[in-house]
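As structure tokens, the structure follows; a few thoughts come after it.
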Amino acid sequence: MSSVLPAPDAGVRRHNAAVLVGTAAILFVVTGISVFFGSAGLVPSEVFHGLRLMIGGAPMGTPEAQIVMLRLLRIGLGVLVGASLGLSGFLMQTAFRNPLADSYLLGVSGGAQLAVTLVALFGLAGTVASVPVMIAAPLAGGLLVLVMLLVISRRIGHDLLAFLLSGLALSYMLNALYSILVSTRPDILSNTIFWSWMGLNRASETGMAVVAAGLIVAVPVVMSLMRPLRSYLVGDDFAQNLGVNVRTIRISLLVVSVILAATDVAASGVVGFAGLFSPHLARLLTHRTDRTFVVLTMLMGATVVVVGDLIARSVSVSEVPLNTVLSLFGAPYLIWLSIKSRRVM
């Protein structure tokens, strides 16, 4: 089966390489800056001292070393969660052929969050700490919401804004159920509330491993689908004429997207808008849907989350939730994108 787009020439390859290197360099600089900022108020000399202790293998008993370690965990988790959200957003937008699609806006993340809350409520709080449950609960919740979205999509058709509004309504309903559950047993769900809102504040090696596992599963699958995916993006009839199983492609994209969203929720709670932003930012730098675009989307997602977390823990003494920071930028962008989509229609 031939791809829709011809192989990139030397100029395109050089451009793609420059874009990837430049974006990776920006991410590297942002992560480096993030080590020096936070609510703890360490001066640069104390940060360097903490880094020297860590590199030298000294005991982590000093406050500087402990704070630097926590910041590095946050940065590492932020990079992984951002990359995962960026890839998840790309897959969902591609599967629905809808630039407004995102696991946060359409309620997939809300379903995952609600499932974790139910496990904490009925299975006791200690159960949530086990890794299998931490993955299985949000995955089950996300898949259930996905089934609802597929039913809605079939009913609505290609009306982008109607689909978005339906997804938002579903998301609000799930958030309402979550709030009701939390209000019934705040004693049991206090940790769940904190985890849900504070994003990367409870970063851990276990959380990083969960998100990394999701990426290890997702990235090879996505890369293997890139050639038929180009045909799929043109349209169902075109793809079917080239022998592409459209239903298999669509379901595969959505299931992988939900797996990524579920691992993100398990590790960092609900993080909004990064999955919406990242593919659009990547599209500004390259117009080809290929492996370069996938990697670029992941780098963009990582950069967005790390920058958002840097702002969240630097603007005030008491930390601002990451989701709040991203929503400040994401909501205006969503409004603009909705207006743009309506004009296209």
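Positions of Cβ are set from backbone N, Cα and C atoms, glycine also.
Given the structure is predicted, the values throughout are model-derived calculations rather than measurements.
What TrEMBL lists as transmembrane segment is 20-43 (among others).
For the transmembrane segment (72-92), same-chain residues at least 6 beyond its ends with a Cβ under 8 Å from one of its own Cβ atoms are 27, 31, 34-35, 101-103, 106, 108, 200-201, 203-205, 207-208, 211-212, 214-215, 218-219, 222, 253-254, 256-258, 260-261, 263-264, 267-268, 271, 274-279, 282, 293-294, 297-306, 309, 313. Residues or ranges marked as transmembrane segment by TrEMBL: 72-92 (among others).
TrEMBL lists 104-125 (among others) with the feature transmembrane segment. When Cβ-Cβ distances below 8 Å are used as the criterion, the transmembrane segment (104-125) is approached by residues 92, 133-134, 137-142, 144-146, 148-149, 164, 167-168, 170-171, 173-175, 177-178, 181-182, 184-185, 188-189, 191-192, 196, 257-258, 261-262, 264-266, 269-273, 275-276, 334 of the same chain, each at least six residues removed from its ends.
Residues annotated as transmembrane segment in TrEMBL: 131-153 (among others).
The transmembrane segment feature in TrEMBL is assigned to 160-181 (among others).
The list of residues near the transmembrane segment (206-226) in space but at least 6 beyond its ends in sequence, with Cβ under 8 angstroms from a Cβ of it, reads 73, 76-77, 80-81, 83-84, 87, 91, 131, 134-135, 249, 252-253, 256, 259-260, 262-264, 266-268, 289-291, 294. Annotation comment: TrEMBL describes 206-226 (among others) as transmembrane segment.
Residues annotated as transmembrane segment in TrEMBL: 293-314 (among others).
As annotated by TrEMBL, transmembrane segment applies to 320-339 (among others).
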Message: Can you tell me which recorded stretch out of 20-43, 160-181, 320-339 has the most Cβ pairs within less than 8 Å of the transmembrane segment (293-314)?
response: 20-43
